[in-house]
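S.K.: For reference, the structure I am asking about is given below.
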Amino acid sequence: MWPLDPSRKEVLRFAISCRVLTLMLQAFFNAIIPDHHAEAFSPPRLAPSGYVDQLVEGLLGGLSRWDAEHFLFIAEHGYLYEHNFAFFPGFPLALLVGTELLRPLRGLLSQRSCLLVSVASLNSLFSVLAAVALHDLGCLVLRCPRQAFYAALLFCLSPANVFLAAGYSEALFAFLTFSAMGQLERGRGWTSGLLFALATGVRSNGLVSVGFLLHSQCRGFFSSLVVLNPPRQFFKLVASVCLSVLTLSLPFALFQYYAYTQFCLPGPARSIPEPLVQLALEKGYRIAEGNEPPWCSWDLPLIYSYIQDVYWNVGFLRYYELKQVPNFLLAAPVAILVSWATWTYVTTHPWLCLTLGLRRNKNSKALEKSSPGFLSPQVFVYLVHAVFLLLFGGLCMHVQVLTRFLGSSTPVVYWFPAYLLQDQEPLLRSAETVSWKLLVEDSPSGQKVPRNFILGLLYNWKTCSPVTRYILGYFLTYWLLGLLLHCNFLPWT
């Protein structure tokens, strides 16, 4: 997919190492810390488990906590309960593909064990590919290979790390989103639109990515006004905008229509195992054979809006309660990071921001050359995307999910810390002019090969700048705390 230059090799190597370490740590924490008895979705196991299944559960069971149980349940039984429709089908379908590849082991492993193995292997793969895609995107947008390299390594230690490993859709979504962004930067609009549409089938916030396509099309429209026929270009712009919106909305619309056919239209009775029917009666879960839900009579019958409102109490400012202060504190670091990035960028490029990055002043070309890295004009649309997600998540969602919500959706969470490290860490600045042994080594061909700067900074922790300590401390603390708490049904983001 990508040519393996030395920096990409190091990103790939570090990403794989982090995935292996993550799986080992979650197994260790899950073994030594008893699970908390949380009020979470916990369907009964229908198939007996053997010794090998118990071993798999012991090693990988920490990946099935909290919402991961929904994804595993959907992959095994389909969309049986109404609240299951809060989780989009892209990731469960990927798990089904993974279990099919494990079909030769069905005599040894139960369906659930196969799903757990699929979660561990597929999310490790998606996370590694997402890291490489982020490096590729950074090289295209930032035009500063060093910052792109730093950002990709930081992604490997993402504060949302546990959700990139557990049975959540974040890893697949990050891979598809970063890949789509990279394709758009290369001018491959159709490929980018397809990847963005696939990402929308994985997570609902993929719908926001239509902004990248619209901004690219508007930028092309303004640049063509001088030399081409304006009415014709305007018609072309309107057509391409409509096509982009339709393409990215299609997976969401099809998923809502499928829910409508299951709950609102008559159809053949579905065979449901008795234990799952009993669970629905005990917990009050609605199944398709029950009474017609109220959302079926809406003018626009969207099950997703209904579920977020009724089951998760998601809405504007609904989470602003005194008892939620700890969750706001948990989300504060990533919110501060994106806010700081926004302030830095806007104060550096006020004219660019006022013109929405569509019309630049006469010195725009000189600006692109003089401002590589995070302050590049090309970063504008990515920053707008990050700010929109931050505002929407902070005002309308359960605020503690901001860390994984932003960490799997926007490269700004990694580009801005990379910029700060390069700009304010003396050890990294000196490495640009001298060969720092912990960052650079000579390859057999005489080519300079970038080493892992994170290990170098940790080795020289006492001499690092305060900004470096804060950034790496935040990333590593959330990386470890997430594994420690989430894998044992303790509250985390």
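A Cβ is built for glycine as well, from the same backbone N, Cα and C atoms used for every other residue.
Dumping what TrEMBL says about this protein:
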TRANSMEM  12-33  transmembrane segment
TRANSMEM  85-102  transmembrane segment
TRANSMEM  114-135  transmembrane segment
TRANSMEM  147-178  transmembrane segment
TRANSMEM  190-214  transmembrane segment
TRANSMEM  234-255  transmembrane segment
TRANSMEM  328-346  transmembrane segment
TRANSMEM  379-399  transmembrane segment
TRANSMEM  471-492  transmembrane segment
S.K.: With a Cβ cut-off under 8 Å, give me the same-chain residues at least six positions beyond the ends of the transmembrane segment (379-399) that come close to it.
M.R.: 141-142, 181, 205, 208-209, 211-212, 215, 312, 314-319, 324, 327-328, 331, 335, 338-339, 341-342, 345, 349, 352-353, 356-357, 405-406, 409-413, 415
S.K.: How about long-range neighbours of the transmembrane segment (114-135): same chain, 6 or more residues beyond its ends, C-beta under 8 Å?
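M.R.: Sequence-distant neighbours of the transmembrane segment (114-135): 1-2, 7-8, 11-12, 14-16, 18-20, 23, 56-57, 60-61, 63-64, 68, 72, 75-76, 94-95, 98-99, 101-102, 105-106, 148-149, 151-152, 155-156, 164-168, 171-172, 174-175, 178-179, 182, 411, 414.
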S.K.: Compare 12-33, 147-178, 328-346 by their Cβ pairs under 8 Å to the transmembrane segment (471-492) and return the stretch that comes out on top.
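M.R.: By the under-8 Å Cβ criterion, the transmembrane segment (471-492) pairs most with 147-178.
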S.K.: I need to check the long-range neighbours of the transmembrane segment (85-102): which residues 6 or more away from its ends have a CB within less than 8 Å of a CB in the stretch?
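M.R.: Distal contacts: 67, 70-72, 74-75, 79, 109, 111, 114-115, 117-119, 121-122, 167-169, 172-173, 198-204, 251, 255, 259, 303-304, 307-308, 311-312.
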S.K.: Let me spell it out: take the transmembrane segment (328-346), skip the flanking residues so only those 6+ beyond its ends count, and list any with a Cβ under 8 Å from a Cβ in it.
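M.R.: Residues 159, 353, 374-375, 379-380, 383, 386-387, 390, 394, 399-403, 406-407, 410, 412-413, 415-417, 474, 478, 493.
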S.K.: Six or more residues beyond either end and a Cβ under 8 Å away: which residues meet both conditions relative to the transmembrane segment (12-33)?
M.R.: 4, 58-63, 120, 124, 127-128, 131-132, 152-153, 155-157, 161-162, 165-166, 452, 454, 480, 483-484, 487-488
